[in-house]
Each structure stands twice: as C-alpha cells, then as structure tokens.
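According to Swiss-Prot, the protein carries these features:
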| type | residues | note |
| --- | --- | --- |
| BINDING | GLY69, PRO70, SER71, GLY72, CYS73, GLY74, LYS75, SER76 | ATP binding site |
| COMPBIAS | 1-20 | compositional bias 'Polar residues' |
| DOMAIN | 37-278 | domain 'ABC transporter' |
| REGION | 1-32 | region 'Disordered' |
Amino acid sequence: MAQTLAQTKQISQSHTFDVSQSHHKTPDDTNSHSVIYSTQNLDLWYGENHALQNINLDIYENQITAIIGPSGCGKSTYIKTLNRMVELVPTVKTAGKILYRDQDIFDQKYSKEQLRTNVGMVFQQPNPFPKSIYDNITYGPKIHGIKNKKVLDEIVEKSLRGAAIWDELKDRLHTNAYSLSGGQQQRVCIARCLAIEPEVILMDEPTSALDPISTLRVEELVQELKEKYTIIMVTHNMQQAARVSDKTAFFLNGYVNEYDDTDKIFSNPSNKKTEDYISGRFG
C-alpha cells in the first residue's frame, strides 16, 4: 500500500523555488528540522474583507505548531490556505506564496488533489461518515485505487493503531461510526486521515467539542504523531498550546503578531499584545 500511495504522490518537480530569501524564518534558525511550509507575503480577501495580511511564517517538519489568537483573527482561514480548502469560498482571492517542499501551491500546475493527499485535516467537530468504522478508514485508500481486501484490512489496523484506538474498536469495525463517543469519533477521524499517509496534519480546534478526558487522549496522541507527521493546530485553549506545541504563532487582526518557540511565547513574549492575550486581558 505504501508503494501504491507513494506512486500517487509524485508531484512535478518542474516548478521549484529558492526559499533561502524568506524573511521570516522560524525563531530558532539552528533548528535541525527542515522547513516543510514557507508562507511568504500572503494576503487573502473574502470579497472586500482583508482577512490575512502579509503573513510570513515557516513551519518545520515533525513539530507541532500551535496557531492561537482571538476569534476572527484569521487562524482557521490560514490553515485552510495550506491545503487550499479556502478556495471553496467563491469570493476568496489571494496574493503571495505558500511553498510546500519548495513548490508554490498556488501555481496553476500544482495539483490540489495531490496537495490534499499530502496534507490531511481534522476538523473542530468530529465528522465521521455515516458508515462503519471500517468503511470510514478505507474510504481514502479506495479512492486511490486500493481494492485488495487484505491490504485494506492492514490499512485499517495500522491507521487505528496510529490513532491509539485499535484496542478499543478492533471488535467493532463494522459498527456505525456514529455510535461512538465524541472522543472516539475524533480519533477515528484522525485514523481516517492517517490512512492516506499524509505528511502534514492540519487540526482546527480538534478538542473543543470533547470532554476533558477525551481531550487529554487526543493531546497525548498528537504528541505521539509528531514523530511521523508535522502537526499544525488551531486552538483557543492557551493551556493546550503550552502543553503540546513546539512553536506558537499568535494571530491578531489578520496579522502574525508574534511567532516563536512555545516556551518563550508563554514565559517571555516579545510583544505586549501577545502577553495581554495569553494572560487573558483580552480575547
């Protein structure tokens, strides 16, 4: 299966870009992790609403980057540009570049479908399909042409193990996913995402609808997943960002107000507005 999906993930290398001049590198330039996403001078409009303004941000491989900020600041809009889901909004327009592995995802020759294979997404509300757990997990691989039952069985087990829920569900694979608890549904959605072997997982408030115990399980899972995946997570929960992330970007009014190592953001922020936000003075 890995070979089959790898074959589907070959993107043309004919349009590459030098990212060495990107003027907003991650705060720790000695970091051994490679840049996987480089956002350069990104502006985005919904009609006349200038939702993102001059965003410059580098995301590093195999790290968890938290995106924080008050409601309406552009957090969710930003991560939806990273897999071009934002283009589902008819009035949207963009300027600037987002480089994914040195290729501009807005280039006309860049495949949106391939991008969304490489970059999975988990939403705020658990959104399993109205199908069995098994069919939820195999949905993506089947779209990619995998039909062999043995291979699909292996994908299901591997994905559910990756989402730390195999032992809970291995005897219930043909149960409707809607019958699960909210926390279990969200982990099934994470497993469904893992089944297509992405490199990056975008998470938009993945625990906001969950109880504290389920939230803790998802947070523990996210920290395990960064060994194999790059995680970019929007959260309103300051404690969550501080607990799980390596880097934190604070968005305010469509701008990146501050971006730094999470420890520094929460212990010694450089910007007064960042300090005011994380201390609860506004937001």
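Any Cβ shown, glycine's included, is placed from N, Cα and C.
Ranking the binding-site residues GLY72, GLY74 by C-beta neighbours within 10 Å puts GLY74 at the top. The most densely surrounded of the binding-site residues GLY69, PRO70 is GLY69 (count of other Cβ atoms within 10 A of its Cβ). Under the DSSP three-state reduction, LYS75 (ATP binding site) is assigned to helix. Taking the Cβ of SER76 (ATP binding site) as centre and 10 Å as the limit, one finds 20 other Cβ atoms among all the protein chains shown.
Considering only the binding-site residues SER71, CYS73, LYS75, the Cβ with the fewest other Cβ atoms within 10 Å is that of SER71.
Computed over the domain 'ABC transporter' (37-278), the whole-number mean pLDDT of the model equals 96.
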